[in-house]
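K.L.:
Shown below is the structure under consideration.
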Amino acid sequence: MFKDFFNRTKKKKYLTVQDSKNKDVPAGIMTKCPKCKKIMYTKELAENLNVCFNCDHHIALTAYKRIEAISDEGSFTEFDKGMTSANPLDFPSYLEKIEKDQQKTGLKEAVVTGTAQLDGMKFGVAVMDSRFRMGSMGSVIGEKICRIIDYCTENRLPFILFSASGGARMQEGIISLMQMGKTSVSLKRHSDAGLLYISYLTHPTTGGVSASFASVGDINLSEPKALIGFAGRRVIEQTINEKLPDDFQTAEFLLEHGQLDKVVHRNDMRQTLSEILKIHQEVTK
C-alpha cells in the first residue's frame, strides 16, 4: 500500500494555451521604436511624421512620405522615375540585390527627384531613401541628382536635398566614386547662378555622400541625433590612437563645431524650410 503511494506520479495541473501571436493584429498596424522599443499604432506614428511619442527618436521616413510632408498637396512632379542601375563591373549578385530592393521598397533606385511647391513656392527636390541599398551612391543616384540640379539652374529654382546614405556603392567601384565630383560640379553651377541650395542631412549620412553634395549647402540642416560622418568611429580611433567623444559624429556635435547651421526637429521641418525659401524669394526679387 505504502509502496504504491510513493510510486504514484502526480498529475500535472496546467492549461495549454494556444499561441495566438499576431493572429488578431493585422500586419503593419503596430510599429516598435528601434530605440526605446515602445510599441505604437503605425497610423498615429505616421501622423507624427514617424517621431516616437515616448523618446522622440526620429524613425526613418520613406522618400515619398518625406516629400509629402514638405510640399503642398498634389504639387510634386517626379523626374526620371524609371531610371535603374546597370552592372558595369559585372559584380556577382548585384542585379539580384537591386531587384530585391525594388520589390521591397517599390522604388527603382535610392533617390526620388522632382519639383514641388511649399506654400506656393516652387523648388527642386531630391530625397534619398536608405531602405534601398542603404542609400548607397551609385551612377543612377549621381545622374538623377545632377539632372534635377541642372533643371533648377536652368529654371532658376532653389534646390533641397535630403541625404540618407551609407556612402559610395562598392559594387560600382570608381563609377560610384566619380559621382562625388559630378554632383559637386552641378551644384557649383547652381551656386554661380545665385541660387539657393539647402542640404538636409538625416540619419545616417556617411561616406562619400557626406564628403560631397551633403556637406556643401548654402544652408546645412539636420535632424536630431542623426549620425553624420565619413569613416566609422572605430577606424578613426584606431588611426589617431585616441578615444573619441561619446557624441562624436552626431548632428549636435557637428552643430557645436560649426559644420551645421541648425538641428531641426521633424515637426518643425516644413515651417523651417518655408521660412528659408521665403527669405530667398524676397532677396532674389
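Cβ coordinates are placed from backbone N, Cα and C, and glycine is handled just like the others.
Taken from Swiss-Prot, the feature domain 'CoA carboxyltransferase N-terminal' applies to 29-285, supported by sequence analysis. The Zn(2+) binding site annotation in Swiss-Prot covers Cys33, Cys36, Cys52, Cys55. What Swiss-Prot lists as zinc finger is 33-55, and the listing cites sequence analysis.
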K.L.:
Under a three-state reduction of DSSP output, how is Cys52 (Zn(2+) binding site) classified: helix, strand, or coil?
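P.N.:
In three-state terms, Cys52 (Zn(2+) binding site) counts as coil.
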K.L.:
Please list residues from the chain of Cys55 (Zn(2+) binding site) whose Cβ is under 8 angstroms from its Cβ, counting only those at least six apart in sequence.
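P.N.:
In sequence order, Cys33, Lys35, Cys36, Lys38 meet the Cβ cut-off.
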K.L.:
Within its own chain, what residues at least 6 apart in sequence put their Cβ under 8 Å from the Cβ of Cys52 (Zn(2+) binding site), listed in sequence order?
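P.N.:
Counting only residues 6 or more apart in sequence, the Cβ neighbours of Cys52 (Zn(2+) binding site) under 8 Å are Cys33, Lys35, Cys36, Lys38, Met40, Leu45, His58, Ile59.
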K.L.:
Tally every other Cβ atom lying within 10 Å of the Cβ atom of Cys36 (Zn(2+) binding site).
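P.N.:
Total other Cβ atoms inside 10 Å, all chains included: 12.
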